[in-house]
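Visitor: Straight from TrEMBL, here's the annotation block:
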- B:16-69: domain 'GatD N-terminal' (DOMAIN)
- B:93-284: domain 'L-asparaginase N-terminal' (DOMAIN)
- B:T101: active site (ACT_SITE)
- B:T177: active site (ACT_SITE)
- B:D178: active site (ACT_SITE)
- B:K254: active site (ACT_SITE)
- B:303-416: domain 'Asparaginase/glutaminase C-terminal' (DOMAIN)
Amino acid sequence: MDWKKIGLKVGLEIHQQLDTKHKLFCPCKCELIDKDPEFKIFRKLRPTLSELGKFDRAALEEARRKLKFIYQAYTNETCLVEADEEPPHSINKEALEISLTIALLLNMNIVDEFHVMRKQVIDGSNTTGFQRTGLLATNGYVKTPNGKVGIQTLCLEEDAARKVKKTKDGVIFRLDRLGIPLVEIATEPTMNDPEQVKEVAYKIGQILRSTKVKRGIGTIRQDLNISIKDGARVEIKGVQDLDLIPTIVKREVQRQLSLLEIKNELQNRNAQVPNKIYDVKEIFKNTSSKIIANSPHVMAIKLCGFGGLLGKEVQPGRRFGTELSDYAKKRGVGGIIHTDELPAYGISKEETENLKDYLNVSDEDAVVMVVGEKEKCIEALKEVQKRAKLAIKGVPEETRRALSDGNTEYLRPLPTASRMYVETDIPPVPITKEYIEKIKSNLPELPEEKMRRVMSEYNISEDLASQLLKKDRIDIFEKIMEKVNLEGKIVGATLAYSLDEIRREGHDIDKLTFNDLLDVFKLLENKEISKDAINEILAYMTDKNCSAEEAAEKLDLKLLSEDEIKSIIDEIISENIELIKERGTNAIGPIMGMSMKKLRGKADGKVVNKIVTKKIQKLVS
Amino acid sequence: MSSKVSAKKILEEVGAEAGDVIKIVKPNITYKGILLDRPETFDKNYITLKLDNGYNIGIDISDAKIELIEKSTKSEIKFEGLDIKEDPNLPFISIISTGGTISSIIDYRTGAVHPRFTANDLLNAYPELLDEANIKCKEILNILSENMDPKYWEKIARAIYKEIKNGVDGIVVTHGTDTMHYTAAALAFMIRTPIPIILTGAQRSSDRPSTDARLNLISSVVAAKSDIAEVAVCMHATPHDRECYLHRGVKVRKMHTSRRDAFLSINDLPLAKIKDNKVEIINNNYIKRDTMEPKLNNKLEPKVALIKTYPGMNAEIIDFYVENNYQGIVIEGTGLGHCAESLIPSIKRAKDAGIPVVMTSQCINGRINMNVYSTGRKLLKAGVIPAQDMLPEVALVKLMWVLGQTKDFEEVSKMMTKNLVGEINNKSSLIYFPGGYHGLEKDRS
């Protein structure tokens, strides 16, 4: 596909948790808590007027769902700030400094004075009903093989509460994650190649890792902003896997192109969405469809001119009908049933025809039904009508959630700018030029610089160094090299390649600590094991949770002393003395083979070779 | 670095005012956005700019050039008008607003929380109040509660009395929380009421999605419809947005700086719990609706002091009040009602000058008893009036009111030790302390 021609524009938003001693606005630790909650706090939120006097679209949407929230809290691990029972404390200076470091590494311009804002979020993920966030830097860039990509903004903000589960009429959150410092980095929405987006995400990720940020699942989250010409800006939340980015972009393009086709067709047909909602339970009074028979109400709407289009695929496995269904689901129904897919779900052909007759629709039209409580049905169908009306206009601006297969589903309308007002409880923080200079003079080594240095310092190949970097093992490599006197390529290859081989064989290498690895290399350094034995020892250690020493012993892989080697070789020679007499020095090969068979893993091949050669030469001379 | 120039001056030069769109050109960067007002407490060399993305930033303009892009009409926070129809089947409730967090709103020109919301605005923000009652709003003050003053108590009492005379079924007073318990006590002494007078406020301002104002307001309206014809404070019972307690106005105190459930009944039980818009009576000892003829007696003697004693306190502090013509003194003593013996001569001197001295306890919880230790007995001999289980703040307000009625020492002493409106309980229950009725519910799920 010609991405430029279709006007693809992608922006990337990265959220990274910082590794600070305490939270952004209180002294609680930035750690997730696994034990049972000690308290639960019950709350309701409602949207309020922002300082510019406009209700926010997205905020109202959420309010309509009238969600109730329960927050799980602890005596020691959380405090009144997270519970919104105490004003925020002064901003965490450590978080500010890490953020400034990141901003400088991204070549950004830092604001003179940092202001904390309240970004209204009333899905319950913040006890206050807003996220505290401040703009720290603008106008930076990263370089990629495909050119420079602008970094628009860097914000320092608090992470949201952790969603534990959804209940019948609300959501349960845990307060442990709320308040962990996050940086939000947004690129310019100028990338026009799906692969480049992944490259930039990778590159920014590398830069972040060179600073004090959290590692591991859930500590970094990527969002994508995607639009095409005549399409709309769509924000895709929660992209976990960088390798999936190109697929997500491609599939969003496909979705928008399909929606544009649908729009054209709808306009050609002069499609209409009447507001009337019908009660059609009567039609199904003798139905054999369990879904319908078990529901108190069956309500329906007409979509004039939509016939056949609801079944049109917009993404692999997702149809236009799925788009409508996503909206309906937000009102608490299980989904929709539409005429493009009928007869199905036990609904007969006859019932389908009766339904069409009752609503007086033709094959060019579609009927959408939902089942459940009357109120919910009406709410859901209103949403479907809203989405259908948008379809006639084109692609709606939306926030969507990334699914694990690269598709996306509807989350909520795109938020508008009016959700932001000032956090009055925190005075602005001036950031002086002197302070910036001080941080500038202490910037950490950038990943690429580190790679070059490690290459020359430890004499390893670019390929090996880049693998170590990519797998985030370059720091471990350096730390081990500082402590052992071994060739860089041996330690490097073990870390970059062997560990993953061991993992592929089904061993849990995450169990290995830095000291475990160091111990193995110490054995090698002290010539107690051979390098051929490393993999087997590491695998054994992960399986048995034992030390390197123990593993080597249990596996019988400890190198023998020279005397022991000599005596074994002597034995082999005496058993084969006829062969040596017969072949002379030509017997070195076969004798070497027999020796290695017995000594593999317990003696260095070179040593064995030297002893065998010397002894045979002595015998035949 | 160039010398600092006040941002105000530079802005004046280009004719830029808050609300205007301006462009700022700095050596490395250019910003465009809406100029915002800066509170006086902020650094004067910076300006605050709201960028298109909604973020505010502060800009040091000592090295910047400013360009005015567009003059702007200031946006005002406006609600759409409510079409309110009277429902003859619903009771009539008056909401009287006096200011405070409950009626605060973000002033986007200064960026600060301002008490600017009127009672009517509250109704617009919380239209569900109209499902409970016909509501009439009256804004009589607009102050932060730390600026509350006895002369305002007189004004509030007058306004309430007028509403009672107008025949409303109940009254809700919105008030800042810091001094709400003082006002509640003052109103309790000033007004004999046949209907509920409910004070309420908010610990989280109304501009926040997590405000406690909604539950407090709706619960107050429900309480104002109830049978409890007393001055009471209605606030969150717990950190949950689930129920409120109705506290007797002379037995309540703000006991936490920030929590929603900051108000506790002290040496008493709350009168009721308001949950799901229903009143559940907790304490049956209350004055029922329509058992009292309305009467206003809002005369006060404001020149009364509340003095907290502490180790090392100098007696000249008490002398100061005597010399400065104070009419009454409430002492917040230690434990059962004591102070250093070194203060006793000054206290005696005050009493001899005709100034009543009332003893309360800084323990807050519990009753004073000045017969247990010799210091207490000496203080009693010096003429100190024991305030029994009265809160120090309530004793202060009561003494102001009593002195507004009479200056006769014996009469004052008699009135101070007699229960007038529920401020003194003769009996102390085990459940009163430490807030045995109150607290977070442990998660047992």
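From the backbone N, Cα and C atoms, a Cβ is placed for every residue, glycine too.
Automated prediction, rather than curation, is the source of TrEMBL annotations.
From a predicted model like this one, the values you see are computed outputs, not experimental measurements.
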Visitor: Restricting to the domain 'L-asparaginase N-terminal' (B:93-284), what is the model's mean pLDDT?
Guide: 90
Visitor: In Å, rounded, how far does the Cα of B:D178 (active site) sit from the Cα of B:K254 (active site)?
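Guide: B:D178 (active site) to B:K254 (active site), Cα-Cα distance: 7 Å.
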Visitor: Given B:T177 (active site) and B:K254 (active site), what distance in Å do their CA atoms have, once rounded to a whole number?
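Guide: Per the Cα atoms, B:T177 (active site) and B:K254 (active site) stand 7 Å apart.
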Visitor: Name the secondary structure element type, per DSSP in three states, that contains B:K254 (active site).
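Guide: The three-state answer is strand.
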Visitor: Quick one, of the active-site residues B:T177, B:D178, B:K254, which Cβ has the fewest other Cβ within 10 Å?
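Guide: Counting other Cβ atoms within 10 Å of each of the active-site residues B:T177, B:D178, B:K254 gives the minimum at B:D178.
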